[in-house]
Ligand SMILES: *[C@@H]1O[C@H](CO)[C@@H](O)[C@H](O)[C@H]1NC(C)=O
């Protein structure tokens with residue numbers, strides 16, 4: 001079965017951004033490299049310096065990169081800077097997300113091909129080469145070619161390896177900032193605030209109903225004051241507990257005997 005897979009090269013065309021949920025990309029794990037990845041290079045081009053930066057939006061179009069037109073799949077920016085002067089943008093090259101593209105998928109990775117984007121008087125092509133390498137997790141592209149007509153960028157990453165759904169799940173768990181831990185914090189915080197409000201308002205209401213306070217407002221004030229007293233007492237209380245556990249106060253007892 002895998003033999004067949006290895007020799008089978010699927011070629012499908014699609015119109016829309018590089019889309020994680022595209023069925024061509026389903027066997028891979030592009031979700032793990034979702035976002036804008038780039039290649040950047042600074043050259044000495046006397047009397048100026050030239051910065052060429054290519055941005056590629058994976059699984060989402062580029063929308064928030066400075067000077068890049070919104071809804072691009074690929075966006076190249078060239079800036080030139082003369083000594084002590086502000087950089088000037090000399091070239092902006094884009095492959096719009098709506099441009100037709102071709103996916104070539106194989107065991108070794110995925111190639112995405114763009115043909116005929118307009119740039120000035122020229123029609124330009126691009127080839128994004130995602131290379132499967134189980135040990136690599138490069139985040140930045142390498143520039144293989146740019147001659148003013150043909151662009152070739154490549155990225156070595158295990159995201160371009162055929163991945164089972166189980167492995168994808170494991171991958172997601174490994175990601176340090178996958179929303180999960182944040183979710184935890186947020187929930188605990190929300191519950192704390194919720195319980196605190198119930199405690200204070202409920203306590204005040206109770207005091208007021210019992211007739212211990214003239215009006216609800218002063219009952220509320222009283223409960224809050226009590227609560228603050230409680231908080232003030234907390235440090236010495238926890239200190240006591242910690243001393244119990246670390247046995248510091250025990251030693252004290254022994255020496256007293
Ligand atoms: C080139 O410009 C980009 C975008 O402004 C910037 O992020 C990058 O650091 C620059 N590269 C170098 C090598 O200065």
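Just so you know, glycine gets a Cβ as well, placed from its N, Cα and C.
Because TrEMBL annotations are produced automatically, they should be read as predictions rather than curated entries.
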Per TrEMBL record, range annotated transmembrane segment [choices 157-181, 182-206, 207-231]: 182-206
For the transmembrane segment (182-206), distant same-chain residues with Cβ under 8 A (at least six beyond the ends): 213, 216, 219-220, 222-224, 226-227
